[in-house]
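As recorded in Swiss-Prot:
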- ASP12: active site, proton acceptor (ACT_SITE)
- HIS40: active site, proton donor (ACT_SITE)
- 11-17, 39-41, ARG307, 333-335, 415-417: GTP binding site (BINDING)
- ASP12, GLU13, GLY14, LYS15, ASN37, ALA38, GLY39, HIS40, THR130, ARG144, ASN226, THR241, ARG305: IMP binding site (BINDING)
- ASP12, GLY39: Mg(2+) binding site (BINDING)
- VAL301, THR302, THR303, GLY304, ARG305, LYS306, ARG307: substrate binding site (BINDING)
Amino acid sequence: MCDVVLGSQWGDEGKGKLVDLLCDDIDVCARCQGGNNAGHTIVVGKVKYDFHMLPSGLVNPKCQNLVGSGVVIHVPSFFAELENLEAKGLDCRDRLFVSSRAHLVFDFHQRTDKLKEAELSTNKKSIGTTGKGIGPTYSTKASRSGIRVHHLVNPDPEAWEEFKTRYLRLVESRQKRYGEFEYDPKEELARFEKYRETLRPFVVDSVNFMHEAIAANKKILVEGANALMLDIDFGTYPYVTSSSTGIGGVLTGLGIPPRTIRNVYGVVKAYTTRVGEGPFPTEQLNKVGETLQDVGAEYGVTTGRKRRCGWLDLVVLKYSNSINGYTSLNITKLDVLDKFKEIEVGVAYKLNGKELPSFPEDLIDLAKVEVVYKKFPGWEQDITGIKKYEDLPENAKNYLKFIEDYLQVPIQWVGTGPARDSMLEKKI
C-alpha cells in the first residue's frame, strides 16, 4: 500500500521534513510529478542534503527511489543533484531508478521558458515561473511532440537517429516561435549522446516497478511536489505549475490504481505563503507579513525568492481537502507564530457582501473577495522543540483544535522548530 505526502496550499509547506520522518520506515520512495522546480533541505546529523528532483528517500540506505513517469527530467540537473549528494557521502546510485516514460527537459525548454516569461512581463501577466523549463516540457508532452527517456536510452542505432530527428524538429519549432535565440543544438546533442550510456543503468519500466513493489507488500511513500493550489486544473490558474499536483497526479504519474492508496497526508503551514504572482486573499502587506517572512525565513530553496506571507486560510484548505481527501494533517512551523499577541485565521470569503459557498475559480472574483477572519489569542512563548502535544500552550492547542474542527481532519504531526527532530506526533 502507498502513503502519500501532498502540499495543501501554494507550496513550501515543509513536505520534505515529514517525508524525512516517514522515510526511516519505508521500502520505496517515489516522485510522481514536477521537476527540479521545487526544493527542500534535509539535515541528517550535521550534513545538509538539498533535494530538487530526486526522491528524499535516498537518505535511507535501505530505501529504493523512483523518479516516476509524471516527472520531467533535466538530465544535467539530475546528475548534478546526484553527484552533490554523493559528494556529501550519500551512497545512493544503486537505489535510484528513473521511469522510461518520463519526459526530458532540454536546455532550449529552459531558454524558451525565460523568453515566454519576459514576453508576459511586458504585458504585466508574468506567471512567476522558476525558468527551469518545466512548463514548456509539459507543453510539448501535451502536444505529443515531446521526447521521453526511452527514446534516449534505447541502444538500437535507429532509435538514436529518431531521437535526433525529434530533437531538431522541436528546436526548429521553438525557433520559429521565438526567433533565432542563442543556442547550440549540436553541442546539446553531443552531450545527450553521452547521456545515452550514463542514464541507461537507472532506467526502469516504472509501472512494473511499482506494481511489483505493491504485490510484495512493500511500504511505499509517494512524495508530492508543489501543492494543490498550484495544480494545473484545480489551482489558481493560470498562476500555477504545469502538472497535476494533487492526488490525481499521484495515480497518473506513477500508473497505480486508487485502491493502492492508504493514507493521504496533507502538509499545512501554520500560516500561508506564496511565491510568484496571483491573488492571495490573506496576504499581509504589513508588519505581520514582514514578521512571518523574517521569523519563518521565507526564501525559496530553488530560486532564493522572497515568499509572500499571510494568515492561515481555511477556505483554501477546505477546498484542498475536498480534492485530495486528507486522512490526517501535518501542521508545520507553528513556532513561527510564537511571538504574536493575536493570530487571525481566514474562515470565509465574501463577494459583494455575500458569503461564497466555496473557493472561487475566477481570479477576478478571488482578487476582490473580502476575507472573514476569526481572531485567536497568541501563546507568546517559545514552543521550539516541544515533543509532546500535551506540553503545548493552551492557546496553541486551541488554535490547532479549531483547524481540526473546521476541516474535519485530524492533525497527526506538529512542527515546533527548524531542527529535524522538532516534530511532535499527536495520537489520532
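For all residues, glycine too, the Cβ spot is worked out from N, Cα and C.
A simple Cβ count within 10 Å picks out one of the binding-site residues ASN37, THR130 as the most packed, and that one is ASN37. The binding-site residues listed here (THR130, GLY304, ARG305, LYS306, ARG307) include no residue with a Cα within 10 A of the Cα of GLY14 (GTP binding site). Fewest Cβ neighbours within 10 Å among the binding-site residues GLY11, GLY14, GLY39, GLY304: this applies to GLY304.
Using a 10 Å Cα-Cα cut-off from LYS17 (GTP binding site), the recorded positions that qualify among ASN37, HIS40, THR130 are HIS40. In terms of Cα distance, none of the binding-site residues chosen from ARG305, LYS306, LEU334 sits within 10 Å of HIS40 (active site, proton donor). Using a 10 Å radius centred on the Cβ of ARG307 (substrate binding site) and all shown protein chains, the other Cβ atoms total 22. Classification of THR130 (IMP binding site) by DSSP places it in coil, neither helical nor stranded.
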